[in-house]
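The block underneath contains the structure these notes are about, expressed in structure tokens.
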Amino acid sequence: MTRQTVDLRPNGQPPVPRPRPVAQVLMRPQVIALAAVLGVNWLLFPGFFSITWQDGRLFGSLIDVLNRGAPVAILAIGMTMVIATKGVDLSVGAVMAISGAVAATLVSAGVSAPVAVLAALAAGLLCGLWNGVLVTVLEIQPIIATLVLMVAGRGVAQLITEGTIVTFSDPVLIFIGTGAFLGLPMPVVIALVLMVAATLIVRRTALGLLIEAVGVNRSAARFAGLSAGAFLVAVYAFAGVCAAIAGLIVAGDIRGADANNAGLWLELDAILAVVIGGTSLLGGRFSIPMAVLGAIIIQAMNTGILISGFSPEFNLVVKAAVIVAILILQSPHAALLVRRLRGLQSGAGK
Amino acid sequence: MNRSLRPLLATTLIFLLAYLLAVTQQPAMLSTRVLGNFLTDNAFLGIAAVGMTFVILSGGIDLSVGAVIGFTTVLIAVLIMWLDLHPLLAFAIALGVATGFGAVMGAAIHYLRVPSFIVTLAGMFLARGGASVLSPDSIGIDHAFYKVIQKSYVLLPGGGRLTVVGMIMLAVFAVAILLAHRTRFGSNVYALGGSETSAALMGVPVARTTIGIYALSGFLAGLSGVVFSLYTSAGYSLNALGVELDAIAAVVIGGTLLTGGYGFVAGTFIGVMLQGLVQTYIVFDGTLSSWWTKIVVGALLFMFILLQRLVFRAGPRRT
């Protein structure tokens, strides 16, 4: 069946991308952008690339960029899939707060850490299922459907923590946020494993193709025999679990659950990361590794602005400029211009 | 009964029921004082929600509203306190900037053919960032004009106070209702929300209307910033954080269809009042914590979305 649905892809690529030459991957605009941002950071702070080995783990600004970028990268993995189905999930920040609150409250009530972690992940799954049902069964626009949980979610998280910041000293939860595995910080390891697993599952099976099919045209996908509804629910549930993982990392990092500030506005960073990664907001084409790269670019910019001595708020202006640049590059007019510059016939463009 | 009036009627009915219920619990809530404070405390939200109503009627969304309010308060504070301009001149400049900002976003949405969601997200970052670049700290406004405005009010029977800020909101709603239902621009907004393609074929000037809608939303966000500035006497870059979400919630609770093309400005007014009622009740009760506001508003939002789906079951589906 998967072979027959190939035509649903807008550009007619084969469903399983062949390994590309390294040079082609390095020429991607995202890779060039990351190199440029890192280069600027290096000019501002000559010790930027120095990495040292200490106490059984790596230390350095570069490692720090990866570590700080991990929560957004994990959110971006889930968000990529949601956006590929022509949706968006605004609730991930609130879900992070809920998962942190669940884990912290359970652990401080004496529950063992693995159970608390599982409960937090289950809470994320439940939130994701709720979003999925709203989008599929009730056919509510994804922006608005997830807005409900974005508004109410923080209230629920505060209800769980009873309005306080619940602190804990459980070694397992703290290890998730600050520990190290094979010298790499735990958040980076988790993000890496999640990225590789998600990419393999999506690209080595027909799943990615089916998600793209639903995103490009849901009705057509349904007529082609896909149970589009089930796919959508699963995708939102996955995004919820990703948010729960990110919430655990943030809670472990600060050794407490802050229902007000955990994951605040991170949904917007995650969407930005996905857009930088080249996934179309109109559904269809998507790339998980590129979205993760987008999250790292955002964090590298954050770090660069911090070490250059600008106020952190300046970040927002830079982010806005980045979005505008991407929008202009992605717009049909820009494509038309490029086509004209290349001297090709421009009948198809609008 | 006219089928299309049903959501508006349902909202009004639920507001009255909720108010009645609140009064049976807290009899003190039945007074014009409380009603007057309703209008004053929610004036900035109401004005912003009117702009959001037009945007949602046209099938779009504007996430920059809260950030533009924050930016306006900072700009006004800077103009008055640092440059010694008269507040009225500062208001005019700030409204001009906010309107222009909205118009540029509208132009970007139309000409770059990108979803309003992402353009206004960039606008949100830009306005918040711009505000904190202007001044990262809160600037207090100390001006005779502010004191006069803050002290003037119309006494309602029963001791309630209708403040200038509250009157501005009522005036905005009145003008907006006329604009939506009695002008060509209003009809064009509804047409655009119904279907952009059909609207264009019918001869609706799509470019001009889209830019007009976002300019209007920007102008009203700016006006909301003026009101916020009068209300708090301060300019701060983090003012009105998340107000866009409250405004969207008010519009939806007011019965406007999220897919565009259907709704009433008057419904938004009730949506704002319903949110104000939840907040006031929680303050009156005293034992409930403030986070219940978020949960109740979320639940209301969900309920009304559900209601819309039931009412419009037979109507056109989104693709």
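One is the number of the first residue shown, and numbering goes on along the chain from there.
Every residue gets a Cβ built from N, Cα and C, even glycine.
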For this session: When you get a sec, could you say which of B:116-134, B:192-210 is annotated transmembrane segment by TrEMBL?
Result: B:116-134
For this session: Could you check if the transmembrane segment (B:116-134) is in contact with the transmembrane segment (B:89-109), meaning 3+ Cβ pairs under 8 Å among residue pairs at least 6 apart in sequence?
Result: yes
For this session: Quick one: find which recorded stretch in B:38-57, B:89-109, B:248-271 has the most Cβ pairs under 8 Å with the transmembrane segment (B:154-180).
Result: B:38-57
Exercise. What stretch, picked from B:89-109, B:213-236, B:291-312, has the most CB pairs under 8 A with the transmembrane segment (B:248-271)?
Worked result: B:291-312
Problem set entry | For the transmembrane segment (B:38-57), distant same-chain residues with Cβ under 8 A (at least six beyond the ends) | 65-66, 69, 116, 161-163, 165-166, 168-170, 172-173, 176, 180, 189-190, 193, 213-214, 216-221, 223-225, 227-228, 231, 240, 243-244, 246-248, 250-252, 254, 256, 258, 260-263, 265, 268-269, 271-273, 275-277, 279-280
Problem set entry | Remote residues contacting the transmembrane segment (B:89-109) - C-beta distance under 8 A, at least 6 residues beyond either end | 60, 62, 64, 68, 71-72, 75-76, 79-80, 115-116, 119-120, 123, 127, 207, 210-219, 221-223, 225-226
